[in-house]
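> Provided herewith is a single structure, encoded as structure tokens, for subsequent inquiry.
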Amino acid sequence: MIIEPRMRGFICLTAHPKGCEQNVKNQIKYVQSKGHIEGAKKVLVIGASTGFGLASRITSAFGADAATIGVFFEKPPLEGKTASPGWYNSAAFENEAHKAGLYAKSVNGDAFSNDVKRQTLDLIKADLGQVDLVIYSLASPVRLHPVTGVLHRSVLKPIGQTFTNKTVDFHTGNVSEVSIEPCTDEDIANTIAVMGGEDWAMWMEALKSENLLAEGATTVAYSYIGPSLTEAVYRKGTIGRAKDHLEATAFTITDSLKSVGGQAYVSVNKALVTQASSAIPVIPLYISLLYKIMKEEGIHEGCIEQIQRLYQDRLYADKPVPTDEKGRIRIDDWEMREDVQAKVAKLWLEATTESLSAIGDLPGYKNDFLNLFGFEFEGVDYKADANEMVGISSID
Ligand code: NAI
Ligand code: NA
């Protein structure tokens, strides 16, 4: 079977095993090119199969020689159906880690559940004893609450009033106006339940209560702020409320980790094309303009460049870890540079279907989007039969 991208709306239904493998190999090569990081040696990554979480797992393993346990929710391949990209990424990651003599095992299932937490704690207990870094990088539209049994669905909506602005269909390049109706109070509560800090705190509490956190253990979760252009739908919308909650939770977790001398951080990352961000209206147009400017300035980064810099220049640079006035690590510093934002704001006003190909980086957006599913990588023979039942070695 020759595997090609099959699009439906904001998602691609197929993924390419060889391309995902190439993606992982490219990220490993990048991390290795930046030299050794004196970082954590036993790392748990929750949300480890794609995006920032995958980049965190790769940076831990190939930057700091860490043993890693990755938790994620991915679909294995079925007869006549490809796996989800995170499955192929994780299979490739484990292969490369094992070849390099690094411990790597994975848990595939719902990280919000008691069962997956139990499995992960047991694995740490049996194989690593304790962990000294926990990366929390989940992006999910739903959470089945393990205590109440309620299924919460997150929404991406403005709060209080209808938001109208430009957006782009990145498949066609068509720029149009989109209006998003304001959310209900219930939507806010649900979005906080899914993307806020409660589950992060539950993980840390579970790890601590079973003595699985090493002295001085650190945990990091990822957040986003972004410009005023996207504020109504992002930072001041439902998802922003969840991020406020996540950021506040860092302080509660730090308090609860006092007994082990631990510390929780939120790192504010750059806007990037991931499966999660492609689904947010307005953001793809912002990203395509941002990419254009940041590439021109020579300061564009992908997930792996961001996380490698997070480790090398923030987490494992000279203590104390540099943070903003709200205690957050900022690796969105280049995105948020005043000159960069002024240029994006100007282009935003000019953006139309006709002008976008000249003023925005739609090809860069599309390329990154296809890359998420293992397509468009150099060095991969996409004409070859790729119908493989790829397994993840620690799972199968
Ligand atoms: P992603 O969609 O690439 O990765 C999500 C990860 O979570 C995957 O490993 C997936 O398997 C896992 N996952 C989802 N639901 C799960 C569940 N129920 N159980 C176990 N694993 C589950 O997303 P991305 O973009 O890397 O997001 C990670 C974090 O980074 C999120 O908190 C997001 O808000 C944040 N962030 C994203 C930015 C962006 O522009 N993409 C910018 C700044 C922060
Ligand atoms: Na992730």
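Even glycines carry a Cβ here, placed using N, Cα and C.
Sharing the record's features from TrEMBL:
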- Y234: active site, proton donor (ACT_SITE)
- 47-52, 73-74, 110-111, 138-139, K243, 272-274: NAD(+) binding site (BINDING)
- 81-316: domain 'Trans-2-enoyl-CoA reductase catalytic' (DOMAIN)
- E74: site 'Plays an important role in discriminating NADH against NADPH' (SITE)
> Just to verify a number: CA distance, V273 (NAD(+) binding site) to Y234 (active site, proton donor), in angstrom, no decimals.
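V273 (NAD(+) binding site) and Y234 (active site, proton donor) have their Cα atoms 15 Å apart.
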> Just to verify a number: CA distance, D110 (NAD(+) binding site) to E74 (site 'Plays an important role in discriminating NADH against NADPH'), in angstrom, no decimals.
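Per the Cα atoms, D110 (NAD(+) binding site) and E74 (site 'Plays an important role in discriminating NADH against NADPH') stand 9 Å apart.
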> Where's the emptiest Cβ shell within 10 Å among the recorded positions E74, D110?
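Comparing Cβ neighbour counts within 10 Å for the recorded positions E74, D110 gives D110.
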> Through the lens of DSSP with three states only, how would you label F73 (NAD(+) binding site)?
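Its secondary structure by DSSP: coil.
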> Just to be sure I understand the contacts, which recorded positions have a Cβ under 6 angstroms from any atom of ligand 2? Candidates are G47, S49, G51, F73, L138, Y234.
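Checked recorded positions vs ligand 2; flagged G47, G51.
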> What average pLDDT is reported by the model for the domain 'Trans-2-enoyl-CoA reductase catalytic' (81-316)?
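Summarising the domain 'Trans-2-enoyl-CoA reductase catalytic' (81-316) by its mean pLDDT gives 96.
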> Using the alpha carbons only, what distance in Å do you get between G47 (NAD(+) binding site) and E74 (site 'Plays an important role in discriminating NADH against NADPH') once rounded?
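Per the Cα atoms, G47 (NAD(+) binding site) and E74 (site 'Plays an important role in discriminating NADH against NADPH') stand 10 Å apart.
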> Where S49 (NAD(+) binding site) and E74 (site 'Plays an important role in discriminating NADH against NADPH') are concerned, what is their Cα separation in Å, rounded?
8
> Round to a whole number and give the Cα-to-Cα distance in Å for the pair the residue listed as 'active site, proton donor' and F73 (NAD(+) binding site).
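With distance taken Cα to Cα, F73 (NAD(+) binding site) is 25 Å from the residue listed as 'active site, proton donor'.
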> List the recorded positions Y234, K243, V273 whose Cβ sits under 6 Å from any atom of ligand 1, in sequence order.
none
